[in-house]
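The structure appears below as structure tokens.
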Amino acid sequence: MKHCTGSEALMAKHLSSQACGIITKPRYAEVDAGTLIPFLFASFFFSVRITSKAMHLGGGWGADDYTISVAYDRVLTTYLVIHYGFGKNIWDVIPQEDLTIAFKVFFAYVLVYKSLISLAKISVGFFLLRIFRSTPFRYATYSIIALNAAIGITWILVDAFHCVPVHLAWTSWKMEETGTCINFMTSTYVNGFVNIAVDTVMVTMPIYEVVKLKLSRRKKVGVAVMFGMGLLLTAIGIARVIILFQHDPTTNPTYEMAPLNYWSMIECQIAIVCACLPAIRTLLIHYVPEVFGQTTEAASQKRLNASSTGNSKGEEYTSNSTLVESGDGYISKTISYSVNTTIKSENSPTEPSINLVQVDRRRV
């Protein structure tokens, strides 16, 4: 078949497979529990995060929220890859023009994946800057944020221009024109190892800071476990590298690349979950403080009381400008205050009064 075009060779392979009764089932269904369940978790956790922000819990809307919102917006794109042929033998994708669409979608998917993972990690970095005040830690976190941005931009450019001309990324299967493409698998290996290293550092940094804080053992364990969930993302990154090693996509890319795409989808969704975990904890503390440990009061509560002799108004506000000392740094802590304002009636001989009362100053 060396004189055939790519399209002719694939059609010949497809017809011979049918004639011989060789039928290969697709690796994955378009809607698979292995990717759907993590997606539902990611959607739930993201929704809880937005709800928490709307309730003014855990601080206002910040850079970490913007970056994770953009990252979540890219999750849906991953399902298009399966729909347009990945998971099938390349010669069983009919009509063949779907192959061009599949490789175009895969091209976009790779760029989305690289940007999503970097944005999720940058979001975590911005969140760490919100709560840890140690100067060395903040310098290290800024460096990690810059590193993740550099990694994302570098590999987006590498993947976007890995073929010259660029359109060979989705038309090379036809073997109708010449050009040059770098080894996509090699660049994916390097990207995988770099991400594993960065993930490990990002998980270790906050846990080390938490250990130094003057917290009870129970709270230390709870916060450390929350940050330690990032190890799950590291484990998935390692799994991707192993899967990449086990599958050679040279002759049958749509079939052999399917497991890599599958685990990449899961990695994207778990990255969203890990970035939203602190918001879950904040909401649980707000509603079930006796179970999860109360470190903050409600963000804003207003009460209006009327009396028979005049009008009185009581209001409660939350202040979160206090820092809790750790071994050699600080972490943000919220303290609630009650501001009670009483306005007397016109017949009252006394002036209006305002009382400031500290509601909660528990030791963390």
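Even glycines carry a Cβ here, placed using N, Cα and C.
Computed from a predicted structure; not experimentally measured.
Residues or ranges marked as domain 'Rhodopsin' by TrEMBL: 49-284.
Here TrEMBL flags 106-132 (among others) as transmembrane segment.
Summarising the annotation, TrEMBL assigns transmembrane segment to 139-158 (among others).
Marked as transmembrane segment by TrEMBL: 193-211 (among others). Proximity of distant same-chain residues to the transmembrane segment (193-211), defined by a Cβ-Cβ separation under 8 Å and at least 6 residues beyond the stretch ends, is recorded for 117, 121, 124-125, 128, 132, 134, 137, 140-141, 144, 147-148, 151, 220, 223-224, 227-228, 230-231, 233-234, 237-238, 241, 326, 329, 331.
According to TrEMBL, the feature transmembrane segment maps to 223-243 (among others).
Sequence annotations record features per position, and here TrEMBL assigns transmembrane segment to 263-284 (among others).
Residues or ranges marked as region 'Disordered' in TrEMBL: 302-321.
Below 8 angstroms of C-beta separation, residues 124, 189, 192-193, 195-196, 199-200, 202-203, 206-207, 210-211, 215, 259-260, 263-264, 266-267, 270-271, 273-274, 277-278, 281 of the same chain, each at least six residues beyond the ends of the transmembrane segment (223-243), sit close to that stretch.
Long-range neighbours of the transmembrane segment (139-158) within the same chain, counting only residues 6 or more positions beyond its ends whose Cβ lies under 8 Å from a Cβ of the stretch, are 111, 114-115, 117-119, 121-122, 125-126, 128-129, 132, 182, 187, 191, 194-195, 198, 201-202, 205.
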